[in-house]
Amino acid sequence: MSAIDKEAVKQFLLSLQDSICQQLEQADGTALFEEDAWQREPGERLGGGGRTRVMTNGAVFEQGGVNFSHVAGKAMPASATAHRPELAGRKFEAMGVSLVIHPKNPYIPTSHANVRFFIAEKEGEDPIWWFGGGFDLTPFYPVDEDCQSWHQTAKDLCAPFGDDVYQEHKEWCDKYFYLPHRDETRGVGGLFFDDLNEWGFEKSFAYMQAVGEGFAAAYLPIVERRKETPYGERERDFQLYRRGRYVEFNLVYDRGTLFGLQSGGRTESILMSMPPLARWEYRYEPQACSPEALLYSDYLKPRVW
């Protein structure tokens, strides 16, 4: 197995955060990210620090957050050891970049991406490590061209790593970003992977890099195509209603959110994925044959793109 290089992973993640922020600022044309660099106090349950960057009230993006964090703890939280009992009693480090973009225009999909590295160590034993991550798209008024180009970018970046990688990680994404209480997928998916170490460090790291860099390549062309689409109050209301699903998923099911909160992570950074505005409506039903109804009938279930 190739040597584990934690510093190389960290430097890649820092440069990825810089690159994505620059590209999003360019796409917005008005707003800039504000950085909040933070460091854990000695003696806290979780050590380490990070850079939280948030953009608000842009011309294109209502709110966007791009987080880097590198934290360490003396014991893994329950959310991690539940499916990996061998991690109990090990000290750990977790580092990653996580981002969520909430555009103003309802015709631009919300998007999310995350790439991360975990290592859990115990004296006298081999380290347990893995990579995880992915990206997914949540349209409110989906356009097939956008969904297809998003998945094509995902397919292309997976190709060098194996013939089955796209299909496996696409299906994993469909299963992961699913709300059982609504019987809906969160959006049209993308890629999701976790616990990746069977390829060895070098190839696993290379794949994580490809996914991290693939996000902007997949998302920004969609932003450009849709940012001038006219919309009114009806579309805005529906966007805010559907953002409620984003909140439901993140607070009830998302493993990263649960891990962060259970391990004593930085709450403000963890919850920066929340939309600035969302709404709920009792027993909402879209009008028959409307564009809103089309989202439910055709897009909130796994599809071949």
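Heads up, the Cβ atoms here are built off N, Cα and C, so glycines get one too.
Annotation comment: Swiss-Prot describes S98, N114, V115, R116, G264, G265, R266 as substrate binding site, evidence class sequence analysis. Its Cβ placed at the centre, N114 (substrate binding site) has 22 other Cβ atoms within 10 Å. The secondary structure of N114 (substrate binding site), as reduced to three states from DSSP, is extended strand.
Every protein chain considered, the tally of other Cβ atoms within 10 Å of the Cβ of H112 (divalent metal cation binding site) stands at 25. What Swiss-Prot lists as divalent metal cation binding site is H102, H112, H151, H181, and the listing cites sequence analysis.
Annotation comment: Swiss-Prot describes H112 as active site, proton donor, evidence class sequence analysis.
For H181 (divalent metal cation binding site), the Cβ neighbour count at a 10 Å cut-off comes to 9, with all displayed protein chains included. Here Swiss-Prot flags H181 as site 'Important for dimerization'.
Within the chain, the region 'Important for dimerization' (246-281) has long-range Cβ neighbours (under 8 A, six or more residues past its boundaries) at 36, 38, 44-46, 50, 52, 54, 56, 62-63, 65, 67, 69, 71, 73, 76-80, 94, 98, 100, 102, 110, 112, 114, 116, 138, 177, 179, 181-182, 186, 194, 237, 240. Per Swiss-Prot, region 'Important for dimerization' is recorded for 246-281, and the stated evidence type is sequence analysis.
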Densest Cβ environment (other Cβ within 10 Å) across the binding-site residues H102, R116, H151, R266 belongs to H102
Spacing of the two Cα atoms, V115 (substrate binding site) and H181 (divalent metal cation binding site), in whole angstrom, works out to 27
Once DSSP output is merged into helix, strand and coil, H102 (divalent metal cation binding site) belongs to strand
Whole-number Å distance separating the Cα atoms of H151 (divalent metal cation binding site) and R266 (substrate binding site) is 32
